[in-house]
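For reference, TrEMBL has these:
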type: BINDING; residues: GLY163, GLU164, SER165, GLY166, ALA167, GLY168, LYS169, THR170; note: ATP binding site
type: COILED; residues: 915-1105; note: coiled coil
type: COILED; residues: 1155-1231; note: coiled coil
type: COILED; residues: 1323-1412; note: coiled coil
type: COMPBIAS; residues: 599-613; note: compositional bias 'Polar residues'
type: COMPBIAS; residues: 1116-1130; note: compositional bias 'Polar residues'
type: DOMAIN; residues: 69-763; note: domain 'Myosin motor'
type: REGION; residues: 595-634; note: region 'Disordered'
type: REGION; residues: 1106-1147; note: region 'Disordered'
Amino acid sequence: MAASELYTKFARVWIPDPEEVWKSAELLKDYKPGDKVLLLRLEDGKDLEYRLDPKTKELPHLRNPDILVGENDLTALSYLHEPAVLHNLRVRFIDSKLIYTYCGIVLVAINPYEQLPIYGEDIINAYSGQNMGDMDPHIFAVAEEAYKQMARDERNQSIIVSGESGAGKTVSAKYAMRYFATVSGSASEANVEEKVLASNPIMESIGNAKTTRNDNSSRFGKYIEIGFDKRYRIIGANMRTYLLEKSRVVFQAEEERNYHIFYQLCASAKLPEFKMLRLGDANNFHYTMQGGSPVIEGIDDAKEMTQTRQACTLLGISESYQMGIFRILAGILHLGNVGFTSRDSDSCTIPPKHEPLSTFCDLMGVDCEEMCHWLCHRKLATATETYIKPISKLQATNARDALAKHIYAKLFNWIVDHVNQALHSAVKQHSFIGVLDIYGFETFEINSFEQFCINYANEKLQQQFNMHVFKLEQEEYMKEQIPWTLIDFYDNQPCINLIESKLGILDLLDEECKMPKGTDDTWAQKLYNTHLNKCALFEKPRLSNKAFIIQHFADKVEYQCEGFLEKNKDTVFEEQIKVLKSSKFKMLPELFQDDEKATSPTSATSSGRTPLTRTPIKPTKGRPGQTAKEHKKTVGHQFRNSLHLLMETLNATTPHYVRCIKPNDFKFPFTFDEKRAVQQLRACGVLETIRISAAGFPSRWTYQEFFSRYRVLMKQKDVLSDRKQTCKNVLEKLILDKDKYQFGKTKIFFRAGQVAYLEKLRADKLRAACIRIQKTIRGWLLRRKYLRMRKAAVTVQRYVRGHQARCYAKFLRRTKAATTIQKYWRMFAVRRRYKIQRAATIVLQSYLRGYLARNRYRKILREHKAVIIQKWVRGWMARTYYKRSMHAIIYLQCCFRRMMAKRELKKLKIEARSVERYKKLHIGMENKIMQLQRKVDEQNKDYKCLMEKLTNLEGIYNSETEKLRSDLERLQLSEEEAKIATGRVLSLQEEIAKLRKDLEQTQSEKKSIEERADRYKQETEQLVSNLKEENTLLKQEKEALNHLIVEQAKEMTETMEKKLVEETKQLELDLNDERLRYQNLLNEFSRLEERYDDLKEEMTLMVNVPKPGHKRTDSTHSSNESEYTFSSEIAETEDIPSRTEEPSEKKVPLDMSLFLKLQKRVTELEQEKQVMQDELDRKEEQMLRSKAKEEEKPQIRGAELEYESLKRQELESENKKLKNELNELRKALSEKSAPEVTAPGAPAYRVLMEQLTSVSEELDVRKEEVLILRSQLVSQKEAIQPKDDKNTMTDSTILLEDVQKMKDKGEIAQAYIGLKETNRLLESQLQSQKRSHENEAEALRGEIQSLKEENNRQQQLLAQNLQLPPEARIEASLQHEITRLTNENLDLMEQLEKQDKTVRKLKKQLKVFAKKIGELEVGQMENISPGQIIDEPIRPVNIPRKEKDFQGMLEYKKEDEQKLVKNLILELKPRGVAVNLIPGLPAYILFMCVRHADYLNDDQKVRSLLTSTINSIKKVLKKRGDDFETVSFWLSNTCRFLHCLKQYSGEEGFMKHNTSRQNEHCLTNFDLAEYRQVLSDLAIQIYQQLVRVLENILQPMIVSGMLEHETIQGVSGVKPTGLRKRTSSIADEGTYTLDSILRQLNSFHSVMCQHGMDPELIKQVVKQMFYIVGAITLNNLLLRKDMCSWSKGMQIRYNVSQLEEWLRDKNLMNSGAKETLEPLIQAAQLLQVKKKTDDDAEAICSMCNALTTAQIVKVLNLYTPVNEFEERVSVSFIRTIQMRLRDRKDSPQLLMDAKHIFPVTFPFNPSSLALETIQIPASLGLGFISRV
């Protein structure tokens, strides 16, 4: 395929640009061969015509596809050229914030000018052990590759770090050394790695300075060899230095500084020890003020001085030597201030008593006058005589500066020598890794001798680099067996020959230096005559005769000849050196000792440094011989020799290259200057590497990777079973030019651009497939839409037509209905009109007839009314008189009553105002309302009284009316009589008129009274209604306040509950933190303990003398002594030789500061524990005394004693009967039986005697038990009767006498039965009495407490309701609730403390009882005769016991303890036990042995067994600690042993789930709580070891299985990779997959289940495993750019789902393991979500709450599209994320701590297994123990 075929429309190219170096453009038209112009469009939218070079007709460089931009390795690019390299570096540096990039074998490091969090120990651990191509580029990856190749190939390595000043060479070299120091560690206790790192601050202080380009520029080259032993641990180091810039001591350019050490001294001048140096501010000295910039921003020179002195101390430079160094440096500063006065043009002098000179001489310890003389004079020697010549002021100044430079150079070499001595190791060096930190190619406006030497060195290094690259390419081609064609690359040997060959530049320079009158000008002329027009690389400037130009590999450099000879000679006057050698200051002559020696380059460098700064001193006489010649070697000659030696060293090692790039000259962070970057890329050889790679076959694919990537370009028929043949067939079809590719053994090699062509074909094929898929899907979608629309249209038509039909039917119905309505309406109208007419007629008739009737009626009515008027007028006249009289009476009554009503109204108003006042105060309103209600009731009563009065008045009125009626009747009678008596008519008429008036007046008064009564009633009712409304409002307010109080109380309760929950969570977190801290300390203690054991073993092997004494390991003994109280008891029982051993063992030198801190902390905890224990014992004693007083009841004790005496008498009588019966039986046997039957040898006799013997032995055993029970009874009596000492002693004496009397076995048996019943009775009485007392006390306490609480609550509520204003009620209620809760909590705490005290008290009583029993047993044994002791068997071994008599104990002899431990622990195979026996069997056996020792009350046996068990478990784990089954087995058994000690401890908290039989098996004599703590700590150590084991097993699988392997095949495509291939994602035989991880998890889980591990502990182990998987996976994801893609996120989520499915299958979803994977899940989601808009940013911030800000930004920066259909994350989006997360407070650490171990807990898990049912298999070899 022709390259021109790629230049089609829309193809992107690079064109040169003067500003940006290269610009991107897009073709607007296809290129055709012969075109002279390309139509381009720039990225800013401008169109451009690009003219091709008519001579070369070279097309512009093609731009790489976007998916390749930002690759880790530049050789992975399809097009390898300068713009592609520059653009890739810029994208990685600016957009992704990545400073490291591979370029084949070179690591390109760009200085970010900013501190980055990528150099921590977590990053070092992440890169340790990884392949170089599997992780993102990093200086640690290069260091790891060098370290790995050193160990694998057993070949020395070199890391060559180069670059110009300010590019970061020193920092890169420093980080490489830090990596070696961290990963390898040191082989001795001298901390060599710390010394290697400590050499950096020293060398930086004396060899680094501030320049215009760099604040910490190294002004010398150094090569550090880090030595390793056979185990590849650091044993020492050696340093060589090259070409120190001595001129900086006496001169600095503008904005530059001298070496840091001078400014550090000036900044520390005020220190007391520096007073003698007479220093001051740096501006006061000529050698430190010339640059005008004495301070570096952000650097504290005083602190730097402290670090320098600390580093010197660490490297073994004593304080005296340090002060000597500082004296010499201060003397140099004072020497710079020495001034000269001219006498004439040829001589000068120093002013008398010149202070700088006198200070210099004082510090140097030399004669001031002599030094003053030789500073102004010099000695000249000729063939015949020697004479002294004065020198001019300029010459004197130059001589002074030369002396200062010489002294500094000597001091520099002296310090390097001493650093090398400190880093030197006595152990033989097996291999080394060299780190070369050397200056890069330099070119300035004025270039002198220093730049010439620097560029000469870079020419040599570039030649070596080119040859190495060429060699690697050749080896790769030969390895793959492809045709090898010579690659044309730049060979700079001619340039090197120009410099170093015979009659070369250096040779001519040395020759000119030997000439008496040689000058720079004559040397320049020799150069022109020798090389001009003869060597193409040598040129002469047009306008100068004192300069020359050399064409270096990087660029042309013009050198100024001025100063070359002087710098090459480096001359200093010999007389001045002699003055310094005669110094009284001892250190100063040491600096010049080697001036008199003849040193060759080999001998000079053997001490660790090169003699670059050795200065020839002009002698007074010429010395013949080799010594004089060697002494006169020039700087150039020395540099050439040392450079040759360096190249020999580098050629003997495997080199690794780091090229440091300075992105800009202004030290701006993350700012990229393309021009400066291109200059450095050209200078450092990166582009040369690209060119060499591009000249051959830069792109390389394995056959499997090629097949996976380009499978889409193959047809089904092309795919064969042989992948290699398939790839060959496809490539022959795709690329016709066979020169564009080659087939190797395992790889396919492509020329430059061919991969881009294949990628284009693949993209076109995928694009065509996408278009076809889109076409099909879009057609299917549109057809589906059409069918859906058609179906909808038919449905609409159906419904419309139905609607129309229904409308027509409705129209017909309405028409018919209208006709019917019209018919009936017309009928109705006619009928209505008829009815109206008929009704009108009837009305007229009725009105007419009515009118006539009414007229007739009116006439009759008028007549009738006239009669009535007459009647009433007559009556009115009579009533008028009556009314007048009544009116006067009623008026008087009304006036009086009005007066009384006003008074009453006034009272009511006063009461109403008081109601208003009460309503405002809101206090007692209900009572006032009730009072008002009562007043209203009283007023109602008054109203009723008035109504009754009114009724009485009406009655009176009615009676009077009746009277008047009767009078009227009489008057009528009298009227009739008046007819008779006419004379009386007038008088009667007047009386009638008066009565009528009175009647009217009475009626009017009645009406007025009724009106007033109605008004009063209305006013009263209004007042009552108002009061009721106010009462209702008050009730509502009250209810509202009550509701508010209830709600606030509820809210307060909820708030308190929330606070309580939060506080509980916080306490849990604090507890977990404290537990984690304790377990970490325990882990560190165990590590130091193991280290101590190793050191002790090493010392034992070195001394080779076995130590006598006990065999217990010192580590366990020390741990017991440091942590537990029983250690003192153990120490007391040990023999004298073991005590004498301890001091010698403790004298082992241990540098363990953490161990000392741990011991100090343990001591403090023991002291606190002891104080608390003393306080607790004191309180318990007080409680015991108080309870003893309460429980004294003499009556009960007397009854018990009487009962005991009666029982004893009964037992004695029964014993006598049994004795008589036994004697009778013996007599019968001896008398009645035949002699042959009763003979001693007869069978019947033997059987009978055996039975009798067994019975007697059983009775002897029971006798011992009776003695024990009697001693317990005595101790109980002593506890019950503390005051009756005499009685107690009497009783005990009686008991002992009884025991002595009961010599017969029957009596002992009866006594045993009786005492047993007595003991039970006493125990039941004591327990019942104790329970009743405790119940009563508890009930009384509860009643008192409840009464107090009720009283307080009532008082508080009353105070709140009556005194507080409404605003303060809420606060008061809250305070009340808080107080109540606090009191409840305090009560609960008191109850808990009381229970704990009770438990401790009972334990203490048990110990006291056990001690008294032991004492009584000793006393009883003394009273027993020796014959009885001999007759009593220790244990009836030969009597078979029934199963029901087994007590769940195992008995062993003291001498069998080691055998027991050996068979049960040391030599036990976990696999067989786990499969064939019950889980936890060793733990049960050990506990049953402990039970038997407890039963025997043998504290030494218990202590010895437990100590041996713990030590043996530690020994097994130390021996087989890397076996998961062993560690899991002993973790399970240790936990089971711990649970058994708890379950059978006798503590109520651990006995809840026990059966009655298990409660009988509890320990009776010893409290093993302290040993439980020991076992708990041992279990923690085993758990941590288990975690480390499973981590070591899982770690190699995690990255491959979780990240690299494609669980879903075909989702993530294989991108082109560079020279450093990554681990393949295709599952080979040796590749781990997700199934491998799941199988391993299943294996772990099954092993733990087989070993019977507690389910809660299994959950914690699984949680830890999942945390390790998630942390390692996430850490690798954050360090691998190729893993951050959408498809990889899908793979990760699928893998996590498989892990969750595994958890569900094992019922472990509630173990918390899933939560540990949350950061990994969120990282995978982050890779898949949209990353464009602000809404996406908000969603990401809310989603990724388990990731830190640094992790989120890192993932977004690393996100890389795998194909062209994905888009990159924009820089603006990442900044948006950072702005949104700036307030989030999280850890700045990038990586998760994969070594973190969650704190482990061991929840109590009692066993339901009965101890008496456990059988011991014979396979354990424990036949020497027996069941009891």
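Backbone N, Cα and C atoms are what each Cβ position is placed from, and that goes for glycine too.
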Cβ neighbour count (10 Å, all chains) around SER165 (ATP binding site) is 19
Overall pLDDT of the coiled coil (1323-1412), taken as the mean = 68
Excluding GLY163, GLU164, SER165, GLY166, ALA167, GLY168, LYS169, THR170 themselves, the ATP site's Cβ centre has within 8 Å the residues ASN111, ASN214, SER217, SER218, GLY440, CYS660, LYS662
How many neighbouring Cβ atoms, not counting its own, are there within 10 Å of the Cβ of THR170 (ATP binding site)?
-> 23
Could you check the binding-site residues GLY163, GLY166, GLY168 and say which one's CB has the fewest neighbouring CB atoms inside 10 Å?
-> GLY166
For ALA167 (ATP binding site), what is the tally of other C-beta atoms lying within 10 angstroms of its C-beta?
-> 25
Quick tally, other C-beta within 10 angstroms, GLU164, LYS169; top of the binding-site residues is LYS169
